[in-house]
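Report on the following structure.
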């Protein structure tokens, strides 16, 4: 009896736990829904064009579905309207270039495959039933193998891989079906019409209704990366020379600086695949060739590659802020002004390059001004004015040499005085030990000063390396302006590149 009561109580407790879990899940449901809605809102807020693209796809699918509703106008097409729906779903992409690429690949693949299949069918009909079947099988083998092998060619795989797949599918469907079905030609014509309708709707929605151009996105991405690197360098220098003894209220600004630095160079380092995709889609957009003979997509890729190499120094500069061994603030403050000045000049050059690309004009002839060279010389002279910090190893070597020269009294001066030998020997040994302790302390202090100066030496050398790499970035941007037919630099228009506020750091 007692066992039954205990088992019943356990069942009741388990039911209570299940009911509590269900209640918790029900209470968490509004939070989950709120989180999902917030994520959906953030996706649209990040790029409002995504909402426009979603609406464009909905309108295109609605127009295609009218093929079923308007049967009196499309009696011969209504049975194959599914192909138009599939075309809209597959072809209509986010940008106009991507839509043109897929639409032309699908259209040309379908037309060429249909034409070749009709020719093979005509030959097979006039060759008899047996020879026609052999001819069809041989043609399918040869063409299928050839097209599949051609897909391994890098240029074809990059630009026409989807068209090759459509060609294989269409060719095999028409060729094999025509051997048994006599009306396959009519079916192929109807499918071709519906695919053409789907492609036409996609092109109209992509090119005429709020078009999104890959060339503009690539152009915007390039000058945005330059701006991001400029802000990243500003934040690094600001954080390196600012006072670390701050209250908790400034911790939020510190985390914001970290996010700004990280996002600045991460966007550049992760942009290779996106830039290559945008460049490939931009080739299909005839709009980009209205001013030049050809859209300089490869030059945009070169600029992105140079910026990635430049950003490696920014990553290393950020790493100097996170090392365990840091140069004391008393030493860093000696070099604050020249470093801030040099970083400001580097940011000015990057901002000028960004603005020239943004406005589609050539760079200023004085982009590498005398102030940049003066700032570099100022930092170099300031470092030379503190030789004790950066020549600590030489001082340590001199100390060791001095230590080696210290020796007890000569032996011939104490041999005649045998009675005082032991006393003088002990006194000389004690004096030698005291001298060694003092000299070893001096050597340790010098070596510590040298090791403490090493992190700043790395920081300063990275700033100088940035100046050296600016030449390559400027050359590639000027080459882009020449190929893209940018307008000439107008001296009458004053281009103001202000020094950022973040570089004004306090003592």
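Glycine is no exception: its Cβ is also placed from the backbone N, Cα and C atoms.
Bear in mind that the values here come from a model prediction, so they are computed numbers and not experimental data.
Per TrEMBL, the feature transmembrane segment maps to 51-69, 81-100, 107-125, 131-150, 162-181, 193-213.
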Candidates 51-69, 107-125, 162-181; stretch with most C-beta pairs under 8 Å toward the transmembrane segment (81-100) | 51-69
Positions on the same chain near the transmembrane segment (162-181), where near means CB under 8 A and six or more residues out = 101-102, 104-106, 108-110, 112-114, 116-118, 120-121, 124, 132-133, 136, 139-140, 143-144, 147-148, 150-151, 156, 187-188
By Cβ distance under 8 Å, which residues at least 6 away from the ends of the transmembrane segment (51-69) in the same chain are close to it?
-> 44, 77-78, 81, 84-85, 88-89, 92, 94, 194, 197-198, 201-202, 205-206, 209-210, 212
